[in-house]
Amino acid sequence: MDTLPDSEWASWNASLGGSGTGSGILSGPWYRTHKTQLLGVVLAAASNFLISVSLNIQKCAHLRLACQAEPKPYYTSRLWWCGITLLGLGEVGNFTAYGFAPIVLVAPLGCVSVIGSAFISVLFLKKTMRAADILGGTLAVTGTYLLVTFAPNVPQELTARRVQNYLVSWPFLVYLILEIIIFCILLYFYKRKAVKHIVVLLMMVALLASLTVIAVKAVASMITLSVKGKMQLTYPVFYIMIFLMATSCAFQVKFLNQAMHLYEVTAVVPINFVFFAISAIISGVVFYQEFQSAVLLSVFMFLFGCILSFLSVFVIARSKKEEHLHSAFIDCGHIPGQKLTGKVQPDSHSSCYGTLNNEDNLVKSQS
């Protein structure tokens, strides 16, 4: 049996993570260089998966309460509180992930929540597995692999002084001015012109989200350094970032709720995810300069992974149909004083929804 030369054995061993001199994906040097970033990836993926579990548990709790003879408020359900607890843990884990991994890597991993929810709903809500779910899951796994492999590795300590320098840097100031101008234009059309298109609403959410992720990463990194013994909580910039994070989050919820009220979830979820991920990536590139030393091929493959993640969310979310409760209209013939032809208005968007079609009474009220 032939044996390989020592040089080839060393190269083979290094590519599989051995003690050779190579830099394979499983090698010791590669792991030591990327272990902090890998911790952030695992935290982000696990947290988003936990969020999808929590949402399905809450949905299951609502369905159980609706099937009871005497429905009770949802906050009396232990199952609902279990879902809320898991949701809180998932959000805390997602917050912590920004302290270990770049924004451009953590933000697109939000697709794990959408993909996970599609598969978990088969267990919790007894839904059927669709071909779109399998296709979306495959796209998500491929995109996540490309994101993790080609994401920029920026081994820097994000101290309070460094955050202060980033805040007054000219690229961020130009970016902030442009963002404020665009947001004011969108807000003008939203408030003054009553333009409530889904793109307008979710673009405002995305612009606010870009500030949120900047603040979240700064706060998470400064807390992480403080836990390690390098106190950062005494700097004013830490509390400025907390205020920015809380304020931008509050306005995000306002506009996102408005979009959820006006449009279907199947339209809001994929568009919001894409807008959020793009805004987060741009903010990471501009504020934290996370692609400063990346090669062109890595940037291209990373963007390709983002596109696959976006497609996975659209494939799953857009193929779902909204569930509506179908109930028969009330036959007003059983109500004294109404004819058999009288029906409750079927159009829920009508201004007279829920009223009775009685032309005589309408004429009398107008006269």
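Note that the numbers count up from 1, one per residue, in the order the chain is shown.
Cβ from N, Cα, C; glycine included.
Whatever TrEMBL says is automated annotation, not expert-curated.
Annotated features in TrEMBL:
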type	residues	note
TRANSMEM	38-57	transmembrane segment
TRANSMEM	78-97	transmembrane segment
TRANSMEM	103-125	transmembrane segment
TRANSMEM	132-152	transmembrane segment
TRANSMEM	172-190	transmembrane segment
TRANSMEM	197-223	transmembrane segment
TRANSMEM	235-253	transmembrane segment
TRANSMEM	265-288	transmembrane segment
TRANSMEM	294-317	transmembrane segment
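Ranked by number of Cβ pairs under 8 Å to the transmembrane segment (265-288), the listed stretches 78-97, 103-125, 132-152, 294-317 are led by 103-125. Against the transmembrane segment (132-152), stretch 38-57 has more CB pairs under 8 A than any other of 38-57, 78-97, 172-190. Contact between the transmembrane segment (38-57) and the transmembrane segment (103-125) is supported: at least 3 Cβ pairs lie under 8 Å, counting only residues 6 or more apart in sequence. Contacts between the transmembrane segment (172-190) and the transmembrane segment (103-125): absent, as fewer than 3 C-beta pairs lie under 8 angstroms at sequence separation of six or more. For the transmembrane segment (103-125), the residues of the chain that approach it from at least six positions outside its boundaries are 37, 40-41, 44-45, 48-49, 51-53, 55-57, 59-60, 63, 94, 97, 133, 136-137, 140, 143-144, 147-148, 151-152, 213-214, 217, 269-270, 273, 276-277, 280-281, 283-285, 288, 290-291, 302, 305-306, 309-310, 312-313, 316-317, judged by C-beta separation under 8 angstroms. Tertiary proximity for the transmembrane segment (294-317) is limited to same-chain residues at least six positions away from its ends with a CB under 8 Å from its CB atoms, namely 104, 108, 111, 114-115, 118, 132-133, 135-140, 142-147, 149-152, 265-266, 269-270, 273-274, 277, 281.
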